[in-house]
């Protein structure tokens, strides 16, 4: 104001004021933004001994801004001291605020010591079961062969193979079935039924008397061939019994022949000589029979 008048403003001052006001406003805005940005960045989280951390989302961004989440992990054989293992960046700080550390896992050693015996028990049980199954399979496979071998041994014992036993340290050979029944010389053929021979001798004429005698001779010869010093007791008894039957048959023939000779005394001399030769053959057959049956021969002659 000059002498009651208002002086006009200088244009240069107005220009400086206008420029200063235009520059200050952006600076204020920039400072505000920088302050907010610096306040939202969190420092690096503490890393525990024998452990570490991972970021969510991965990978970890630098710097760790607000909203970043980290997860703590421990090395093998260690575990976190607390149950909570996640931290979140809020307003430049990690929330919740707590101390993170990894400690030695004592339960792991116990589990390891208990696992070794358990594994050995399981292995031994599995081996035992496998061995039992193998034995069962072998028994099933070998059972037919064992049965066939048993039958073959039994058949050999019946068919005549000698079986030996030990008696007071001495090996004694047992006789086979055939040797025990028939003797060591073989089979002894039984003679024909004497009753059939009696009927033939009674129904035949002078020319038919030689038939029963010829049938008796091979039988007696078969039994006599089995005799001797090496004859088995079983065969001796059988042959003696068959010889007694033959002697009885021959004696009946002799009695029949004697009665026939007495009834035909006036026949020709040739028939008489034939009867005498037949009687001599019968006497020779009787001499081959057993001594224990000789007492019955006179009774048959008297009859």
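Placed from the backbone N, Cα and C atoms, the Cβ positions cover glycine too.
According to Swiss-Prot, the features are:
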- 1-39: signal peptide (SIGNAL)
- 40-120: topological domain 'Extracellular' (TOPO_DOM)
- 40-104: domain 'Sushi' (DOMAIN)
- 42-89: disulfide bond (DISULFID)
- 74-102: disulfide bond (DISULFID)
- 121-141: transmembrane segment (TRANSMEM)
- 142-303: topological domain 'Cytoplasmic' (TOPO_DOM)
- 199-237: region 'Disordered' (REGION)
- 263-282: region 'Disordered' (REGION)
Separation of alpha carbons, residue 89 (disulfide bond) and residue 102 (disulfide bond) (Å): 22
Residue 42 (disulfide bond) CB neighbourhood, other CB atoms within 10 A: 21
Rounded Cα separation (Å) that holds between residue 89 (disulfide bond) and residue 74 (disulfide bond): 21
Inter-residue C-alpha distance, residue 42 (disulfide bond) and residue 74 (disulfide bond) (nearest angstrom): 22
Cβ-Cβ distance under 8 Å to residue 74 (disulfide bond), same chain, at least six residues away: 48, 50, 51, 80, 102
Model confidence over the domain 'Sushi' (40-104), averaged pLDDT: 85
